[in-house]
Amino acid sequence: MSQAGLVVRAWANRGIAQLDQGPLVPFHFPRRLIRPLPGDRIMLDAQDSLIEVLPRKNEFGRGDARGRFRAVAANLDRAVIVIAPEPAPSPDLIHRYLAGAAIHGIEALVVVNKADLALPETGPFADLKDLDALGYRIVHTRCKPAADLAELPDLLGTGASLLTGQSGVGKTSLLNALIPDLDERTGALSQVTGKGTHTTTTATVYPVSENAVIIDTPGVWEYSLWAMPPAELQRGFPEFAPHAARCRFRDCRHDSEPGCAVRVAAENGEIPASRHAAWLRLLAEQRRLQR
Ligand SMILES: Nc1nc2c(ncn2[C@@H]2O[C@H](COP(=O)(O)OP(=O)(O)OP(=O)(O)O)[C@@H](O)[C@H]2O)c(=O)[nH]1
Ligand SMILES: [Mg+2]
Ligand SMILES: [Zn+2]
């Protein structure tokens, strides 16, 4: 008899699944053949061995050191990109994350955590108003001294939400604020590493309610994209599409080509100049990744 479940965590050749009818169970899988991700729907046999990973609706991931796509989690309804004044994001971190989500058809929202600290007006923080104008949801939160999550609980009230961002921006703090009794609920799962810090080491699914989960992920120092053709990267800048249709060349890179409608739109302010500039930087970055 087989049993259906949700992958809560998977590493090396082992995982933990939440059975639809029953408890959390450990399971094994042959890593050579199959790599389940947190958020995957799976079938286990009566001995809790993995039989099948059901088809994914999407995957969120990042580029590895060799420019290959590495999936982090599956079946997401949204990616929550967490930034903070400290540690400050690099200029393109948010643009890369937004592109990484959009390319895989995953809605993204930006959480600016540590609202108790002054928000710098420079660097990537200056781009937030442009992102807001494009329709991206920007939510300001804090977990200290007293938590203030603004509209975040409502926004994450259904479906699967992935918390992603640099190490130390407060993803796990937000998780704890969103699920106040998390420790009691997940005592067996909680991990503490040395030095009194609680750096997250493995992406893990946490239940919020009957119909909502949050996936906490280990922070990265820098989020990288993977090597991809320019047409794929452009899916990460969906606001370009109506203009790109009017570029003279079908394979226009929206750089210095004659008749580029995207560049004209950026010059006219129809699309934010900051997004066009980010596009050119990510395109240049791609040339390095392709090597
Ligand atoms: N000042 C301030 N500090 C915060 C806030 N939220 C979290 N922190 C602190 O930031 C540090 C890192 O928080 P974590 O929640 O562990 O960060 P994380 O993003 O989960 O980090 P990784 O697991 O390494 O990716 C901790 O010392 C938190 O107490 C906040 O709103 N304001
Ligand atoms: Mg964490
Ligand atoms: Zn163009």
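Each residue, glycine too, has its Cβ placed from N, Cα and C.
Pulled from TrEMBL:
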| type | residues | note |
| --- | --- | --- |
| BINDING | Asn113, Lys114, Ala115, Asp116, Gly165, Gln166, Ser167, Gly168, Val169, Gly170, Lys171, Thr172, Ser173 | GTP binding site |
| BINDING | Cys247, Cys252, His254, Cys260 | Zn(2+) binding site |
| DOMAIN | 66-223 | domain 'CP-type G' |
| DOMAIN | 74-221 | domain 'EngC GTPase' |
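Ser167 (GTP binding site) sits 40 Å from Cys247 (Zn(2+) binding site), counting Cα to Cα. Residue density at Ala115 (GTP binding site): 18 other Cβ atoms are found within 10 A of its Cβ, drawing on all protein chains shown. Counting only same-chain residues six or more apart in sequence, the Cβ atoms lying under 8 angstroms from the Cβ of Val169 (GTP binding site) belong to Val82, Ile83, Ala84, Pro87, Asn113, Lys114, Gly219.
In this structure the alpha carbons, written CA, of Gly165 (GTP binding site) and Cys252 (Zn(2+) binding site) are 31 Å apart. Among the binding-site residues Cys247, Cys252, His254, Cys260, not one has its Cα within 10 Å of the Cα of Lys171 (GTP binding site). According to DSSP, Ala115 (GTP binding site) is assigned to coil rather than to any helix or strand. Ranked by Cα separation from Ser173 (GTP binding site), the binding-site residues Cys247, Cys252, His254, Cys260 are led by His254. Secondary structure at Ser173 (GTP binding site), taken from DSSP and collapsed to helix, strand or coil, is helix.
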